[in-house]
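Here is what TrEMBL says about this protein:
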TRANSMEM  6-29  transmembrane segment
TRANSMEM  50-67  transmembrane segment
TRANSMEM  73-94  transmembrane segment
TRANSMEM  101-121  transmembrane segment
TRANSMEM  205-226  transmembrane segment
TRANSMEM  233-256  transmembrane segment
TRANSMEM  262-281  transmembrane segment
SITE      Thr264  site 'Important for channel permeability'
Amino acid sequence: MIENAVTGFIILIAIMVSSLPIGIIALLSSITGTLIGKLGGADRKTVNQGIYGYNSVLTGMALSLFLRGDNRWIIALAGAAIAAIFTAAMIHIMRQPGLPVLTFPFIILTWFLLLTAYRLVSFKIDPKLAPQSLANWILDIKGETNWLDGAVNGMGQIFFLDNNWSGILLYIAIFWAGWRFGLYAILGNGAALLTAYALGGEHSLIFMGLYGYNAILTIIAVAVVYKEAHRYALLYGVLAACLTVPITASVVTWLLPYGLPALTLPFVFCTWLLLGAMKSLRSI
């Protein structure tokens, strides 16, 4: 969503600070997605904006982290290539409703490839993603409250990074692109932290940033990138950021029996919901 080469470079550094191999996969995935866009004859402006690269980056990183085995790097890069093709298809499909593709290709493709592990021996899923029964689920909200960690981790989790320095670098990258991006990222993350805490969320998940990253993406999309000069864009953005909290809780619960991560589905759902409402309710 942010078109700034320096910001992209700082993000890459942030990923490499957390994990050099994952950083390399992110770089190769970006190159793969961009090349497919160029060689496939996609609109040059769209390619240069990185539209074909970011879904590939997220897909490559996710598959590298959530799969096991020596061949997961090959699967990750293949997934990055498929993500670019999926993105092209979604751009065509979403042209009619006039909504952005966002990270939808990354979400669906990652889920599909992770689920193949239950039928194809070449795919080995991380044991941490084992399916869990809701019948025996016990909600435990106890735990330490570290608001600073929550503020930093919310940003880091956008790229699966659990490293404070990486989170700080990502904030620097966002502010480099524009003060509104940075300020709204802090506002969205703060709104999500407070909402999750007030609603009685698990402290471990709140302060690991697992409620914050979708809120950050959502407020930037709704209030800055796709606001369409709506006079209440910021209000809609904050509302959307808060809305990601119950939706994240719902999506995480829905996916527990399948052992799948929520990824950025709450961000996509809330952004589509609010942008659609802003198109129809222009006087509110």
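Each Cβ is built from the backbone N, Cα and C atoms, and glycine gets one as well.
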Query: Looking at Cβ-Cβ distances, which residues of the chain lie under 8 angstroms from Thr264 (site 'Important for channel permeability') while being 6 or more apart from it?
result: Leu58, Leu102, Thr103, Phe106, Ile107, Ile158, Tyr213, Asn214, Leu217
- request: Could you find out if DSSP has Thr264 (site 'Important for channel permeability') as helix, strand or coil?
  value: coil
